[in-house]
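Colleague: Before we start, here is the structure in question, set down as structure tokens.
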Amino acid sequence: MLKPPLPLRSLLFLQLSLLGVGLNSTVPMPNGNEDITPDFFLTATPSETLSVSSLPLPEVQCFVFNVEYMNCTWNSSSEPRPTNLTLHYWYKNSNDDKVQECGHYLFSREVTAGCWLQKEEIHLYETFVVQLRDPREPRRQSTQKLKLQNLVIPWAPENLTLHNLSESQLELSWSNRHLDHCLEHVVQYRSDWDRSWTEQSVDHRNSFSLPSVDGQKFYTFRVRSRYNPLCGSAQRWSEWSHPIHWGSNTSKENPLFASEAVLIPLGSMGLIISLICVYYWLERSIPRIPTLKNLEDLVTEYHGNFSAWSGVSKGLAESLQPDYSEWLCHVSEIPPKGGAPGEGPGGSPCSQHSPYWAPPCYTLKPETGALIP
């Protein structure tokens with residue numbers, strides 16, 4: 001059997017070796033917690049086979065509460081398995097730039113979910129660097145840089161007080177703890193006649209004046225605060241203060257709303273009752289139109305009584321009957337040649353049809369033809 005030339009044979013071995021590298025690449029065994037999956041196979045590898053070190057760590061959120069303490073928290077439930085992550089922090093470009101681990105962890109379901117830092121550990125105007133680590137995967141960590149002056153949340157205003165400046169003018173005042181010169185405020189108020197709040201911004205002051213109030217209304221006021229641009233660029237407002245009230249609370253409801261609440265049901269009931277009365281009046285005053293198929297009932301069942309058959313009410317039928325009596329009177333003429341007027345069988349020229357009175361009878365006078373009583 002002939003053997004292929006040496007150059008062609010070496011070329012075939014070279015192609016096979018290249019294919020073997022693409023299909024069966026050998027990866028050295030890791031010494032520590034290295035990922036054993038090559039980078040070009042990550043997209044084709046199912047998510048179940050990914051190592052924990054390839055998963056990102058949750059984001060850390062820090063808030064400074066009234067520059068008294070700071071909480072840095074993260075979502076511990078985002079981990080594939082319960083993991084006690086550790087938090088380390090330091091301040092960039094400062095004298096206190098050494099890395100420190102959190103000394104007071106916050107827990108959620110017995111797993112670390114945050115860190116509490118006291119006032120002495122807070123440097124408000126220095127860059128705060130926070131690093132979250134997985135103790136079981138040293139290479140798995142995330143670092144964030146934060147400006148703490150933009151993360152301050154003040155306490156809600158306290159000691160709200162109202163003063164009467166005049167008969168129709170009120171002044172609202174309040175106090176804050178420790179941060180009066182760095183706060184801006186929002187005042188909301190409404191009366192018991194209003195459905196929504198009226199909002200007014202107040203800068204660098206702890207008071208607000210309302211120039212026109214109605215003593216017959218019941219007013220409610222509340223205030224909240226925020227770290228203003230002079231000291232930071234915080235976006236989070238404090239909680240609302242406890243409300244304070246002023247005015248007459250005898251009328252708890254708007255009179256307009258109260259009258260509507262009473263008049264609308266009464267008007268509806270009156271309309272329904274009126275419609276029922278009209279319906280029964282029409283039933284009694286307007287007879288029903290009989291149908292042709294029931295004409296035989298007029299003879300068989302009602303014996304010719306049209307009123308009963310047609311549905312005319314008894315009162316209406318009686319109202320159509322006359323309330324007087326009429327008498328019939330026969331008028332006769334005298335014979336032309338002195339004849340005696342004809343008398344009836346009873347000897348009277350008139351037929352009396354009533355036992356109470358007899359109507360007058362008239363005869364013709366021969367000369368004039370006029371009626372003579």
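Heads up, the Cβ atoms here are built off N, Cα and C, so glycines get one too.
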Colleague: With Swiss-Prot open, pick whichever of Asn249, Asn305 is annotated N-linked glycosylation site.
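Modeller: Record says Asn249.
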Colleague: Cys115 pairs with which of Cys62, Cys102 in a disulfide, per Swiss-Prot?
Modeller: Cys102
Colleague: Just confirming the record: what cysteine out of Cys62, Cys182 does Swiss-Prot connect to Cys72 via a disulfide?
Modeller: Cys62
Colleague: Given 33-41, 42-50, 51-59, 285-293, which one carries Swiss-Prot's motif 'Box 1 motif' label?
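Modeller: Swiss-Prot lists motif 'Box 1 motif' for residues 285-293.
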Colleague: Tell me which range among 7-11, 107-111, 237-241 Swiss-Prot lists as motif 'WSXWS motif'.
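Modeller: Here Swiss-Prot associates motif 'WSXWS motif' with the stretch 237-241.
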Colleague: Residue list, the motif 'WSXWS motif' (237-241) vs rest of chain: Cβ under 8 Å, 6 or more residues beyond ends.
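Modeller: Non-local partners: 153-158, 160, 174, 186, 188, 222-226.
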Colleague: Compute the C-alpha separation of Cys102 (disulfide bond) from Cys62 (disulfide bond), stating it in Å without decimals.
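Modeller: Taking the Cα atoms only, Cys102 (disulfide bond) lies 13 Å from Cys62 (disulfide bond).
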Colleague: Test of understanding: give the count of other CB atoms lying within 10 angstroms of the CB of Cys62 (disulfide bond).
Modeller: 21
Colleague: Tell me the Cβ contacts of Cys72 (disulfide bond) under 8 Å, same chain only and six or more apart in sequence, or just say none.
Modeller: Val60, Gln61, Cys62, Leu87, Tyr89, Cys102, Gly114, Cys115, Leu117, Val130
